[in-house]
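Participant: Feature list, courtesy of Swiss-Prot:
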type    : residues                                               : note
BINDING : Gly10, Pro11, Thr12, Ala13, Ser14, Gly15, Lys16, Thr17 : ATP binding site
BINDING : Thr12, Ala13, Ser14, Gly15, Lys16, Thr17               : substrate binding site
REGION  : 35-38                                                  : region 'Interaction with substrate tRNA'
SITE    : Thr101                                                 : site 'Interaction with substrate tRNA'
SITE    : Arg123                                                 : site 'Interaction with substrate tRNA'
REGION  : 159-163                                                : region 'Interaction with substrate tRNA'
REGION  : 240-245                                                : region 'Interaction with substrate tRNA'
Amino acid sequence: MNKLVFCLMGPTASGKTGLACELLTHFPFEIISVDSAMIYRDMNIGTAKPSIHELQSAPHYLIDIKDPVESYSAAQFCTDALSLCAAIIKRGNIPLLVGGTMMYFNALQKGLATLPEADEAVRKRLEEEALSQGWDFLYQKLSQLDPVTAARIHAHDTQRIQRALEVYYLTGSTLSTYLTGPHEQPDYCFVNLALFPEQRSWLHERIAQRFDAMLSEGFIEEVQQLQAKWPIQINLPSMRCVGYRQILEYLAGHYDYETMREKGIAATRQLAKRQLTWLRHWEGALFYDSQNVGFNTDIIAKIREILDNTVSN
């Protein structure tokens, strides 16, 4: 059991946080967040962080570790997560990684590729092309060269679009080829529990309800406070988090409140679609439909079965 690591993964708004907190009442888990949005301080409402009450009863590692103007990579996540896993196991507990940043899960479990270092000349060329043709043009180019990577990143994620094209221009190989190649993998047994709502309409409705709740709780005011405290720019990695970009553009007068709301909900649904695409191809994952009554009981029973079998063996 010393090398067992449980991973609770799923799309946004599928019920991961509530389930993770419940699991802590049944098993000696310690939670590690796998969420590229929750790492940021002062970004609480829009990232759907666990409540203060939830964090008191179920502490999460890797939440509130970066300022909104800082960046954080998959490589940094792997270093932090592996260090935490080792410490948790040493204490006699079991790591439970919870989140929806599938690129982090993928990097952790399959190892990181040795990618070429950034090349200023190539980056400058891509930035000039973006200025003249637009980032949509570069995203379409990436879709033709590396459709697998393009399907996994947002069309407005300029940093990742640039990096994927940079890798291709430097090596002649696609980023997806690098990421799926053989890499050194950590010495853990990962148990992947995937929340996978079968009805998209159910998930879409939850996403809309949650976005409206965020707006009611002060999401717009949260973004205004970020602008007052930090030199916030729309191209920061933190502002790629769904909802934040749309509210920034609303505050800048680019569109009205209702358009902002519609765009925020649409962006969140697109995120969920990308997360489900990752999950659909995740080999060996145990799938649970989180819209079904009693799905949490099924997961608890499966975890207990796995732990019992591990101890008996």
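Glycine is no exception: its Cβ is also placed from the backbone N, Cα and C atoms.
Show me how these features fit into the structure around them.
Facilitator: In the three-state DSSP scheme, Ala13 (ATP binding site) falls into the coil class.
The number of other CB atoms found within 10 A of the CB of Lys16 (ATP binding site), across every protein chain shown, is 23.
Sequence-remote contacts of a segment are chain residues at least 6 beyond its ends whose Cβ falls under 8 Å from one of its Cβ atoms, and for the region 'Interaction with substrate tRNA' (35-38) they are 46-47, 49, 60, 62-64, 72, 77, 99-101, 103-104, 237-238, 241-242.
Annotation note: Thr101 (site 'Interaction with substrate tRNA') sits in a coil segment as assigned by DSSP. Neighbours of Thr101 (site 'Interaction with substrate tRNA'), defined as other CB atoms within 10 A of its CB across all chains, total 20.
In the shown protein chains, 15 other C-beta atoms lie within 10 A of the C-beta of Arg123 (site 'Interaction with substrate tRNA'). DSSP assigns Arg123 (site 'Interaction with substrate tRNA') to a helix in the three-state reduction.
Helix first, then strand, then coil: DSSP counts for the region 'Interaction with substrate tRNA' (159-163) stand at 5 helix, 0 strand, 0 coil.
If you look at the region 'Interaction with substrate tRNA' (240-245), the same-chain residues 6 or more away from its ends with a CB under 8 A from one of its CBs are 12, 36-37, 40, 43, 46-47, 154, 156-157, 159, 211, 214, 219, 223, 234, 264, 267-268, 271.
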Participant: Give the sequence-ordered list of residues that share a chain with Ser14 (ATP binding site), lie 6 or more positions from it, and have CB atoms under 8 Å from its CB.
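Facilitator: Long-range Cβ contacts: Gly100, Leu195, Phe196, Pro197, Leu203, Arg206, Ala272, Ser290.
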Participant: For Pro11 (ATP binding site) and Thr101 (site 'Interaction with substrate tRNA'), determine the Cα separation and express it in whole Å.
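Facilitator: Rounded to the nearest whole number, the Cα-Cα distance is 9 Å.
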Participant: Does Gly15 (ATP binding site) have same-chain partners at least 6 apart in sequence with Cβ under 8 Å from its own Cβ, and which are they?
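Facilitator: Non-local contacts for Gly15 (ATP binding site): Leu195, Ser290.
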Participant: For Thr17 (ATP binding site) and Thr101 (site 'Interaction with substrate tRNA'), what Cα-Cα distance in Å is obtained after rounding to a whole number?
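Facilitator: If we compare the Cα positions of Thr17 (ATP binding site) and Thr101 (site 'Interaction with substrate tRNA'), the gap is 14 Å.
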